[in-house]
Amino acid sequence: MKKGTVLNSEISSVISRLGHTDTLVVCDAGLPIPNSAARIDMALTQGVPSFMQVVDVVTREMQVEAAILATEIKQQNPQLHETLLTHLEQLQQYQGNTIKISYTTHEQFKKLTADSQAVIRSGECSPYANVILCAGVTF
């Protein structure tokens, strides 16, 4: 049995295949997932697992260089926005690198997901609970 933090075989596999600047999306239950991206559906019911639970587990195993958020999260979901920023700050310290955070419109965000290696759907049912994680290198 795998001893690492990610037991889900699809998530573990996609993270292990990421190259520098490849992207991985963690999204809420409502984000449309393009056919061009692999869909990893973790949603069991509303709120399970939460967006932050999925982000936490994924970022324990993935080296993150940048994160892209929809601008709308600032106004429409400020509490989750702050929680995510705090998590990314702590991740920077753990990884020993700076994580660039950028924002785009929700419409543009949805277009960017088409280029991701995979989209991991959480059970989160709060607005704009989505992030595009850009892979860094460990050296």
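Glycine residues also receive a Cβ, built from the backbone N, Cα and C atoms like all the rest.
For H20 (active site, proton donor), the same-chain residues that are 6 or more apart in sequence and have a Cβ closer than 8 Å to its Cβ are E65, A135, G136, V137. For the recorded site, H20 (active site, proton donor), the DSSP three-state label reads coil. Annotation source Swiss-Prot lists active site, proton donor at H20.
Reduced to three states, the DSSP call for A129 (substrate binding site) is coil. Under 8 Å, Cβ to Cβ, and six or more positions away along its own chain, A129 (substrate binding site) finds C27, D28, F51, I73, N77, L80, S122. Residues or ranges marked as substrate binding site in Swiss-Prot: D28, H106, Y128, A129, N130.
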Listed in sequence order, residues with CB under 8 A of Y128 (substrate binding site) and six or more positions away: D28, L69, A70, E72, I73, Q76, N77, L80, H106
CB-centroid shell, 8 A cutoff, substrate site D28, H106, Y128, A129, N130, site residues removed: C27, G30, L31, A70, E72, I73, N77, F109, E124, S126, P127
Where the record names D28, H106, Y128, A129, N130 as binding substrate, the maximum Cα to Cα distance in Å: 13
Cβ atoms near D28 (substrate binding site) (within 10 Å, other residues, all chains): 21
